[in-house]
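To start, the structure itself, in structure tokens.
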Amino acid sequence: MLTPILALTALALIAGALLGFAAVRFRVEGNPIADQVDAVLPQTQCGQCGFGGCRPYAEAIAAGEAEINRCPPGGQDTVQTLADLLGVEPLPLDEERGEAPHTPQVAWVDEAVCIGCTRCIQACPVDAILGAAKQMHTVLKGECTGCGLCVDPCPVDCIHMVPVDLDLAEWHWPLPQNDTARREVA
């Protein structure tokens, strides 16, 4: 009775040691440049750049497959920060992708008009819209990134982008990085 238990324990220890060695030996490192670029992007996950989100866009920039000027939510400030980070010339913002918002915006649902079709919920990349089929929907203001992807799918046009008051009670966007923090990322 004791022999099978000891044999299985020994096999488990050997398999665990082999898996541990393989995890260390064959570890896949992430691209540190893509990590730095991703830290600069606004994380709206809007897809206006032509990629599925901010991380795929950062990986394309790091691989040299995409220009640094394709992020309308980040605006020209993000283009300048990316140019400084990568040591390239800043390009003007690609206006074909959309305009940079002058003030942060969030989605607002006119609940009296909402028919509960759930199309906006499916379109939201950050799950900032609450609701169920045939029920009214609402936007979690603190979670909304202002990408606007929920506006077009709405069949009754009850979703509007409204500016956010820029006071301390409503400020949910990351503060601008100073030069010291930027050097730590680099």
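Glycine is treated like the rest: Cβ placed from N, Cα and C.
Of the listed candidates (Cys71, Cys147, Cys154), Swiss-Prot assigns Cys154 to the same [4Fe-4S] cluster 2 site as Cys114, Cys117, Cys120. Same-site candidate for [4Fe-4S] cluster 3 binding, as annotated by Swiss-Prot with Cys144, Cys147, Cys150, chosen from Cys54, Cys124: Cys124.
Cα distances from Cys49 ([4Fe-4S] cluster 1 binding site) to the binding-site residues Cys114, Cys117, Cys120 are smallest for Cys120. The Cβ of Cys71 ([4Fe-4S] cluster 1 binding site) lies under 8 Å from the Cβ of Leu41, Pro42, Gln48, Cys49, Tyr57, Thr78, Val79, Arg97, each of which sits 6+ residues away along the same chain. Other Cβ atoms within 10 Å of the Cβ of Cys117 ([4Fe-4S] cluster 2 binding site), summed over all protein chains shown, number 17.
Straight-line distance linking the Cα atoms of Cys46 ([4Fe-4S] cluster 1 binding site) and Cys114 ([4Fe-4S] cluster 2 binding site), rounded to a whole number, equals 23 Å. Apart from Cys114, Cys117, Cys120, Cys154, the [4Fe-4S] cluster 2 site neighbourhood in this chain, defined by C-beta within 8 angstroms of the site C-beta centre, holds Val109, Ile115, Gly116, Thr118, Arg119, Ile121, His137, Cys150, Pro153, Pro155, Val156, Cys158, Ile159.
For the binding-site residues Cys49, Cys114, Cys154, counting C-beta atoms within 10 A of each C-beta gives the highest total at Cys49.
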